[in-house]
Each structure stands twice: as C-alpha cells, then as structure tokens.
Amino acid sequence: MPFWDLQRQLGIDVDRWLLRQSMPQPYGKAGACHAFEREWVECGHGLGQTRARRECQPEYEDFMECMHRTKL
C-alpha cells in the first residue's frame, strides 16, 4: 500500500533507518553520507533486486562505510 505510510502510523521503523540521509535535515543541510546514498540509490534504480545487489555492491559498501564510519 504505497499511498499509506503504515510504518509511520504504527510506529514501526523497518527500513527507514537505511535512508536517513534522504530525510529532511535540520537547517536544510545535506547529511554527511548523502552523496554515497544517492550514488547507491541511483545505481540500483530500475534494476531488479538480484542484479542491483551484484552490480551496485561497491556503492553499497561505500555507503555502509560512511554510515558506520569504519574507514575514517
């Protein structure tokens, strides 16, 4: 049901944690990992799930490194 935001209505946070940088940010500034998230979303857009996992693995790894700050 794409027209209803059931997760927000029920208070469930299943997949929104992954797209934190796309949410409206305080003071209108982009988040630190916004560029990595955008590359990952653009890469996987229009591909099937299996193909996107295979072809967009480098973008996803970069995004996760930025989110978890493992290589700073």
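Backbone N, Cα and C define each Cβ position, glycine as well.
Per TrEMBL, the feature disulfide bond maps to Cys33-Cys66, Cys43-Cys56.
Cβ neighbour density within 10 Å is lowest for Cys43 among the disulfide-bonded residues Cys33, Cys43, Cys56, Cys66. A straight line from the CA of Cys66 (disulfide bond) to the CA of Cys43 (disulfide bond) spans 17 Å.
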